[in-house]
Amino acid sequence: MAKTSCEIILCFFFFILSFRVISVSAQQTCDNTAGSFKPNSTYDNNRRLLLSTFASNVTAQNGYFNGSFGLGTDRVYAMGMCAPGAEPDVCSNCIKNTAEGLLQICLNQTDGFSWSGEETLCLVRYSNKSFSGLLGLEPSNDFFNVNEIRKEDQKEFDSVFDELMFRTIQGASSSVRNNSNSLSLSGKYYAKDVAPEPVYGNISVVMQCTPDVSSKDCNLCLERSLDFYKKWYNGKRGTIILRPSCFFRWELYTFFGAFDSINARHPPPPPRPLSPPPLKTPSVTNQTNITKKNDSRISGGTIAAIVVVVVVTIILIVVGLVICKRRKQKQEIELPIVLNEAESVQFDLKTIEAATGNFSEHNKLGAGGFGEVYKGMLLNGTEIAVKRLSKTSGQGEIEFKNEVVVVAKLQHINLVRLLGFSLQGEEKLLVYEFVPNKSLDYFLFDPNKRNQLDWTVRRNIIGGITRGILYLHQDSRLKIIHRDLKASNILLDADMNPKIADFGMARIFGVDQTVANTARVVGTFGYMSPEYVTHGQFSMKSDVYSFGVLILEIISGKKNSSFYQMDGLVNNLVTYVWKLWENKTMHELIDPFIKEDCKSDEVIRYVHIGLLCVQENPADRPTMSTIHQVLTTSSITLPVPQPPGFFFRNGPGSNPSSQGMVPGQSSSKSFTSSVDEATITQVNPR
């Protein structure tokens with residue numbers, strides 16, 4: 001019974017010891033002097049996102065990856081690498097486990113690193129400051145074997161040891177040799193060697209530096225590690241020294257990886273009796289030796305069986321939890337059938353949260369009727385604009401589905417590009433390319449910014465909008481009516497080229513369909529055509545009307561939603577321009593900022609085209625194909641325009657002053673009380 005109890009105690013001891021070795025096999029070094037962050041902060045989220053992708057990034061880059069993610073003070077810099085020759089799956093597992101270990105141990109430190117591995121050697125390092133090319137000696141971490149070289153053998157041992165260390169340091173820090181034999185940067189500074197020692201068998205050594213440092217710095221880092229061993233652990237039978245920029249390990253047995261306890265082969269028996277043989281695993285400084293009597297010795301097979309059973313059990317539990325979690329996530333983000341047809345990428349919510357700083361106010365670009373827009377940056381450095389639809393808006397969900405299906409089918413230089421979407425729980429996100437110069441109205445209606453839009457730029461903007469709408473109506477696979485063309489939905493890129501945005505109200509027409517009706521009218525007052533406002537009827541000619549309003553706004557620099565008095569009548573911009581046309585005083589319309597650098601005949605021709613677009617009868621309005629033709633060919637004679645719709649007559653209740661308004665003041669009216677169902681029609685390519 002006593003023997004059995006002793007065996008149980010020893011089993012428990014070796015069970016704990018085995019986990020002690022496993023914990024050392026993933027040693028993390030957290031820098032407590034570099035700074036800290038709050039859990040779940042933007043920096044923490046960026047760190048988690050970056051490290052969670054490291055395994056695939058490192059293997060994709062042949063064993064070495066150096067990158068960053070985030071913006072400003074929340075930016076995370078990281079490096080990952082494997083020893084040269086590591087199989088991709090082995091390298092991937094090593095990086096994955098090492099990164100996870102750092103996340104679990106370095107809970108709030110802004111800097112940390114870990115050299116680890118059981119089948120191969122790998123490194124993961126992160127910081128809130130760029131460290132590429134800089135030698136990192138601190139913080140350092142070290143381990144040693146508590147057993148020692150016998151004093152009478154020390155001199156002979158040192159002669160072999162010193163020569164081996166010198167040779168290995170020179171080999172590891174020689175980038176010329178390694179670069180000539182390796183396609184991967186991970187092998188730039190790497191060396192391993194074995195030297196026979198007459199008393200203790202073989203001395204095995206592995207050294208490696210990160211490839212971003214110079215050969216001189218690599219040599220310095222490894223020499224510092226050797227000096228550290230000589231000063232503090234000289235005479236020990238094995239040492240591991242870890243620094244941010246280099247790895248140093250030697251043992252009296254051959255080994256794989258960084259901290260494994262597996263012997264590739266047993267060292268040859270010593271020629272004369274020695275003290276008890278060295279431990280097969282490096283031990284931490286407070287580890288003590290256990291002397292086991294013959295009658296209480298437990299077999300290695302029993303220990304292995306216990307460890308295997310426990311490890312397998314833990315793995316099964318973890319796998320079960322992961323499967324359950326993934327099933328739950330799939331249920332939460334299951335998409336409607338119509339979204340599955342979309343040709344766009346579905347982003348994980350955590351990716352978008354990390355890219356936008358968890359939708360921070362600092363990254364907010366603006367807000368609209370159905371949500372807010374944020375700037376962000378993806379892991380690969382791509383800048384994005386994220387539209388976050390309001391959680392309380394029923395119309396937002398309809399528009400979300402509509403926009404994904406519509407925009408996913410479109411590819412044109414004058415249409416904003418949809419990169420993807422995210423639909424998880426209550427979050428509905430649309431991810432677009434980032435367009436740096438905001439929208440047309442930001443410049444056009446600001447007296448201090450309007451001077452940046454000279455006539456050449458404005459003419460180019462009109463031409464780009466024309467090509468974009470023509471693509472929607474005629475040249476794309478689908479016939480699409482935008483229904484919400486306005487200055488705030490025309491974005492401008494870095495070169496002031498226009499991109500049409502916001503397809504939440506867009507409708508897809510059949511091949512032979514020319515007109516559609518809706519019982520619920522939505523849109524912005526002033527841009528909507530008369531037939532759409534009064535009868536709910538829309539077609540390609542509805543977009544033409546909106547385009548005509550845009551032309552008049554671009555040339556005049558005036559808002560269509562403002563009121564203007566002329567000849568005793570109250571006019572919006574469209575009817576005001578018509579009166580100028582009738583009075584042949586079109587020069588009064590031209591924005592003073594472009595009068596000096598434009599040809600008045602050319603500008604008046606553009607106004608003429610704008611008036612043709614806003615005619616009351618849809619049949620009188622030209623198609624976008626015709627508009628494109630007359631804009632690019634000045635020799636084509638234009639027909640005389642007919643009066644536009646929405647005349648404001650000077651009668652009772654028509655004077656804006658009686659409503660508390662003054663001439664030129666914006667009414668800013670929009671039809672928001674009624675919601676269009678925006679039913680998504682079947683997508684049929686032409």
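In case you wondered, yes, glycine gets a Cβ from its N, Cα and C as well.
Per Swiss-Prot, the feature domain 'Gnk2-homologous 1' maps to 27-131.
Annotation comment: Swiss-Prot describes 27-302 as topological domain 'Extracellular'.
Mean pLDDT for the domain 'Gnk2-homologous 2' (139-255) in this predicted model: 88. The domain 'Gnk2-homologous 2' feature in Swiss-Prot is assigned to 139-255.
Per Swiss-Prot, region 'Disordered' is recorded for 266-287 (among others).
Under the heading transmembrane segment, Swiss-Prot lists 303-323.
Per Swiss-Prot, domain 'Protein kinase' is recorded for 359-631, and the stated evidence type is sequence analysis.
Annotation comment: Swiss-Prot describes 647-686 (among others) as region 'Disordered'.
Helix, strand and coil counts from DSSP across the domain 'Gnk2-homologous 2' (139-255) read 50 helix, 34 strand, 33 coil. Mapped onto DSSP helix, strand and coil, the domain 'Gnk2-homologous 1' (27-131) counts 39 helix, 35 strand, 31 coil.
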